[in-house]
Amino acid sequence: MLPVVALVGRPNVGKSTLFNRLTRSRDALVADYPGLTRDRQYGQAEVEEHPFIVIDTGGINGDEQGIDVKMAEQSLMAIEEADAVLFLVDARDGLTAADHGIADHLRKQNKKIFVVANKIDGIHGDSAVAEFYSLGLGEHVHQIAAAHGRGVTQLLTIALTPHIEELGKPKVEEGEASEGEFDDAFFSDKDVELTEEELAKKLEDEPQENDKIKLAIIGRPNVGKSTLTNRILGEERVVVYDMPGTTRDSVYIPMERNGREYTLIDTAGIRRRKNVTDVVEKYSVIKTLRAIEDANVCLLIIDAQEGISDQDLSLLGFILEAGRSLVLAVNKWDGLEDHEKDRIKTELDRRLGFIDFARVHFISALHGTGVGHLYESVEEAFVSATKRISTAMVTKILDMAVFDHQPPLHQGRRIKLKYAHAGGYNPPIIIIHGNSAKKLPMSYKRYLMNYYRKSLKMMGTPIRIQFKDTLNPFAGKKKLNYTEQKKIARATQGYKKD
């Protein structure tokens with residue numbers, strides 16, 4: 001699961017600036033105005049190839065009133081959700097009563113806390129941060145200037161890296177999506193160094209076709225997740241009970257359909273009391289991301305009345321990054337006019353054309369229209385993701401693909417693809433070996449992926465293709481002249497000179 005790091009501190013200490021620096025984005029609004037961040041922002045960052053989730057929160061002063069109370073509540077809950085906390089303080093303002101209050105709260109949490117003194121540019125850092133050691137939160141106060149990036153790299157590599165490595169395993173920016181933005185989710189040029197024993201163990205641990213299906217219902221707030229979950233459970237008339245899962249704050253609901261056992265991962269909180277405040281609903285983002293990691297199949301719900309939003313694309317990006325099988329459900333379909341339905345279908349083709357492997361269903365969770373057909377696609381996606389494929393089969397398909405369409409030239413030489421084998425399941429991973437295989441253009445990589453999908457009849461699951469260059473046995477060896485070659489030939493043939 002992806003580790004979670006929360007940025008916490010007083011208003012205007014630079015949390016949003018650091019958030020943008022870590023996520024390499026401008027998702028968080030930044031201005032010299034206290035309280036600008038009201039809702040929590042979520043983004044993905046990476047340190048030494050270890051991804052993690054960053055939460056930007058509103059500031060905590062201790063004397064909040066009105067809407068500021070809600071902001072403070074969000075910040076406190078962010079601390080509970082996080083695996084580690086970056087406690088930001090202002091080196092220019094010095095230690096304040098609000099800092100002491102936040103520190104008192106953090107001491108009660110069983111979290112890894114890092115004190116980060118921001119805005120050290122233009123001042124003597126060591127002198128300015130000395131008083132923050134009195135907070136008693138760790139041995140170090142990390143000095144940074146988030147606006148200029150000073151000290152941020154050291155903060156990541158020295159402080160965060162060891163803990164991120166321990167906490168989790170396996171970016172999607174908001175905005176208009178295109179095929180190229182998600183290519184990394186399907187293709188990899190990293191060398192695969194598994195031994196046969198390691199590969200066999202890896203494949204044994206993968207889910208089998210007849211296993212339970214862990215189905216996570218994913219979507220933005222108010223798209224109908226709770227309604228659909230209730231519809232699914234109501235149709236099956238199962239006894240609903242809470243089964244605590246390994247993923248924090250998710251509820252696992254066992255059910256059965258047509259002889260297949262399912263575990264429905266509820267991220268919508270359908271059993272919460274009606275008087276739960278709206279603030280609590282805003283904390284479902286972390287639950288959703290962790291449910292994606294734990295699921296076999298993700299059912300992504302899109303609101304037909306609002307169309308495809310940036311948040312939909314972000315959730316889709318997390319699903320693809322995790323390699324999970326995918327089914328799309330466009331909800332609230334029955335309330336649209338014909339011209340609106342045509343507009344939504346056009347938008348789906350335009351913005352989500354790169355996930356043509358996913359089945360799309362147009363449903364009404366409220367009335368149950370089309371809900372029953374979702375199971376067929378979920379089952380199909382799971383079976384495709386867990387289908388066992390032999391080395392002989394994937395190599396034969398590779399030969400057929402190369403015969404139908406030769407790889408392009410690279411530096412005047414034809415790229416040769418030699419053989420392929422399975423590297424894992426859920427999602428299916430195919431490893432292709434060849435000379436200069438990593439030099440294949442993206443267009444040919446997509447051709448191979450589509451060829452494999454069609455040949456293996458896989459729908460509903462992404463296919464990841466990894467390329468590995470075959471070592472040249474003559475690389476690095478000295479080229480011999482004719483006389484030297486003749487001497488070696490005589491020696492190997494037992495020729496003796498008189």
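Any Cβ shown, glycine's included, is placed from N, Cα and C.
Among the features that Swiss-Prot reports, domain 'EngA-type G 1' is placed at 3-167. The average pLDDT for the domain 'EngA-type G 1' (3-167) in the predicted structure is 79.
Sequence annotations record features per position, and here Swiss-Prot assigns GTP 1 binding site to 9-16, 56-60, 118-121 based on sequence analysis. In the three-state DSSP classification, LYS15 (GTP 1 binding site) falls within a helix.
What Swiss-Prot records for 213-386 is domain 'EngA-type G 2'.
What Swiss-Prot records for 219-226, 266-270, 331-334 is GTP 2 binding site, and it gives sequence analysis as the kind of evidence. Reduced to three states, the DSSP call for ASN222 (GTP 2 binding site) is coil.
Taken residue by residue, the domain 'KH-like' (387-471) breaks down under DSSP into 32 helix, 26 strand, 27 coil. The domain 'KH-like' feature in Swiss-Prot is assigned to 387-471.
Rounded to the nearest whole angstrom, the C-alpha distance between ASN12 (GTP 1 binding site) and ASN222 (GTP 2 binding site) is 31. Each residue contributes its Cα atom, and for LYS225 (GTP 2 binding site) and THR57 (GTP 1 binding site) those atoms are 25 Å apart. Comparing Cα positions, ILE120 (GTP 1 binding site) lies closest to GLY219 out of the binding-site residues GLY219, ASN222, TRP333. Neighbour counts of Cβ atoms within 10 Å were compared across the binding-site residues ASN12, THR57, ASN222; the minimum falls on ASN222. Between the CA atoms of ILE60 (GTP 1 binding site) and ASN222 (GTP 2 binding site) there is a gap of 28 Å.
On a Cα basis, TRP333 (GTP 2 binding site) lies 40 Å away from LYS15 (GTP 1 binding site). Neighbours of TRP333 (GTP 2 binding site), defined as other CB atoms within 10 A of its CB across all chains, total 20.
Summary: among the binding-site residues (LYS15, LYS225), the fewest other C-beta atoms within 10 A of the C-beta are counted at LYS225.
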